[in-house]
Amino acid sequence: MEDRYGRQIRSFRLSITPKCNLKCFYCHKEGRNEEHGKLMSADEIGKIVNSSLEFGVRKIKISGGEPLLRTDLPEIISYIKNEQIKDISLTTNGILLEKYAQKLKDAGLDRVNVSLDTLDPVQYKKITAGGNIESVKKGIEKAIEVGLTPLKVNFLAMDCTVNQLPAIMDYCRKIGAILQIIEFIPMEPELKHHHVDVVPIEEEIAKNADNVFTRKFMQNRKKYVIDGLEVEFVRPMDNTEFCNHCTRIRLTYDGYLKPCLLRDDNLVDVANPLRNGEDIRKYFIKCIHEREPFCKP
């Protein structure tokens, strides 16, 4: 199904918990800064995803909080795995990934994105308020070993991390990961000074790239290949390309459909109607109707 702007819905991002075992100073918790309603069950998530198939969803991204904190995560993946879903991926901080990678693969998970903003153990502990970077690296190694690939490393470009980019690039090249450089969205005024314009970084990488590809169904995002390393950029801020080619809707952990990454004022309740026995397809239609580009030309 297309929205009013001709954008086909293809992807569904599921935030399955607000909880996290780290406390990164920049975290916006997928746009939900407070714990609100009841956590959805694995069965409810499965039913909502199943309804989304009618509207064109073929890719699922699972996130949080930290999704590996949900002990029923393999069950959730099993519920949503079917022949119509072409790709199920998960974004994690990687702390628990070594322990659960094989179970997730067995349940039907295809691949993972692991957040990693620095390779410096001291800086990592400072950014995450106590995280152990060695646990993350072991988790990445295990994920690659069991076949949760292509693995992507999510690098958040901030004033305090950009100096780590060359080392991160070398690390990703060495382990065979794709590097995703993400623009920092400051959700609070006191964090604005951490924002870094990633356009010059992208221009520099584009200049030195061996090959450049365009991902048509991912906001026309460019993929650069430089010395064997694949690099992508995610630039949501003031980016008309990002918005005009967006194919994703989102589900909050407490059961609200979220039409836009950058808005939290037009959520559509779907969990409570489901619990009341309603046909939830009309709520998907409402969500898709609410979609409009946040950044317009």
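Note: Cβ is positioned from N, Cα and C throughout, glycine not excepted.
Record note: Swiss-Prot gives R13, T91, K152, R248, I249, R250 as GTP-binding, and the candidate from K61, K125, K126, K222 in that site is K61. Figure note: comparing Cβ neighbours within 10 Å for the binding-site residues C24, C27, I249, the maximum is reached by I249.
Cβ-based neighbour count (10 Å, all protein chains) for Y26 (S-adenosyl-L-methionine binding site) stands at 17. Within 10 Å of the C-beta of R248 (GTP binding site) there are 20 other C-beta atoms, taking all protein chains into account. Using a 10 Å Cβ-Cβ cutoff, K61 (GTP binding site) registers 17 neighbours.
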